[in-house]
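Engineer: One structure follows; several queries about it will come next.
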Amino acid sequence: MQIRIYNTLGRKIQPLETVEPQTVKMYVCGPTVYDYLHIGHGRTFVSFDAMVRYLRLRGYNVIRVQNITDIDDKIIKKAQETGKDWTEIVDFYTKDYLNALTQLKIEIDQHPRVTYHIKEIINFIQKLIDKGHAYVAKSGSVYFDVDSFPSYGLLSGTKKEEWNQGEEFVKEKKNPYDFALWKAWKPGEPYWESPWGKGRPGWHIECSTMSMRYLGEEFDIHGGGIDLIFPHHENERAQSEALLGKQWVKYWVHVSYLTIRKEKMSKSLGNIIPLNEALKKWGPSVLRYWYLSSHYRSSLDFNEDSLEQAKNALTRLKDAISIIRDVIKEGPKYYSKDEDIQVQRNIVELIKSFHAAMSEDFDTAKALSYIHEIVSLVFGKIQYSRDFMSAMLAFDALRQFNYVFGVMDEEFYPTYEMLGKVIDAVVEIRNQLRMKKMYDLSDQIRAILANAGVKVLDSKDKSTWRFE
């Protein structure tokens, strides 16, 4: 089943064709650590986490890089307002960020920080100067010459002339829409030495440098919130492809807005909800479920009712797991009846539908609807029939669901002793199905076991198994 993904560059869904076979290299823009994360950040990070989990479920090796911007105008301003050293600001809010990721069960492969890559950033800028794509102003700041990159605006659809950056630095630029690669030092600000004098990196150059450092000159997915399309990602693309002279990123992926009771989150409205407060009130599993109940490209509105609905739905899922586990513990008592076989076939089709939804631009909302159809079969059929095979299929469906959604980890840690007995019983039932020439179901069971790391070995009249 081909995975397809929406590419902001081109604005269409395209087949996922990776740079390297069965490997996905992904860079997601992380936070600027000057304040607490809000629930919008949480949505972005969880959405990309679900993508990573599904790709891994499908057998891809995923390398995920998510940066930490630890030097920026906002950090300097926060330090000046609070009277604290800028490094103290960075350390405090970095801990808040990493703690949120831990609670949300998000694991990042590489977490580069800007200040650890200053030398590489300087080298990147110098190469742009050498190629004629950047210039040094009298102040010692370095700017990207936007006119030197003809396809500027292709990603965002924004015309360069429409970009208003303010008047402070316009006089020293060739054009008002040129953007800073290196910012000359001002008294009281942190700085690093460079060929152009004391200063610090601009925002956009940081991500280009770090993504190439960890993922190479061409990688598969570059993502972030929809608000980053312009100017951040547009500028990243311009400077990176100007340097390389070729395509840099294959797929640009963006998570849509999160609103608060139909209003945009903003400090002026006083409606920003810190992520740590939401985690404390609702818990990570409810938040993850709620985030993923909507397609990542659809706007999501925060209100108490929607979180309560997510909590109740998650409780129903856990209750279904309890029923399934009880039926499995009872073991197989009889051959499946015709009605049971139909339930089994329905579950198999719903598992396929789950994968079809996830394969079509990671549609978690649609995928979730199929999981709830399986849950309805658990409550409406399996808890009364006590059919072992139906329960096993439902268990596998919910296991795959949880691998992607990450909302019921505590429900999926059986002991090795129990696991061995369950596999023995499943393999025996599969063997009986083979003897009855019910090959479609026996093949499905083999595939389920293989997906769980269990290899089935068939002989003429029996089957055995081992862990792969």
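Even glycines carry a Cβ here, placed using N, Cα and C.
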Engineer: Between the candidate ranges 159-163, 264-268, 304-308, where does Swiss-Prot place the motif ''KMSKS' region' annotation?
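Structural biologist: Within the set 159-163, 264-268, 304-308, Swiss-Prot attaches motif ''KMSKS' region' to 264-268.
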Engineer: Look up motif ''HIGH' region' in Swiss-Prot and report which of 31-41, 207-217, 273-283 it refers to.
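Structural biologist: Spelled out, Swiss-Prot records motif ''HIGH' region' over residues 31-41, not the other listed ranges.
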Engineer: Non-local Cβ contacts of C29 (Zn(2+) binding site) (under 8 Å, 6 or more apart, same chain)?
Structural biologist: Q66, N67, C207, G223, G224, G225, L228, H232, H233
Engineer: Compile a sequence-ordered list of residues in the same chain as E236 (Zn(2+) binding site), six or more apart from it, whose Cβ lies below 8 A from its Cβ; state 'none' when nothing qualifies.
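Structural biologist: Same-chain residues close to E236 (Zn(2+) binding site) (Cβ under 8 Å, separated by 6 or more) are H204, C207, S208, H222.
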Engineer: With a 10 Å radius around each C-beta, find which of these binding-site residues (C207, H232) has the fewest other C-beta atoms nearby.
Structural biologist: H232
Engineer: An 8 Å radius from the center of the C29, C207, H232, E236 Cβ atoms defines the neighbourhood of the Zn(2+) site; name the other residues of that chain inside it, in order.
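Structural biologist: In sequence order, the nearby non-listed residues are W203, H204, E206, S208, H222, G224, L228, H233, N235.
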Engineer: Across the motif ''KMSKS' region' (264-268), what does the pLDDT come to on average, as a whole number?
Structural biologist: 73
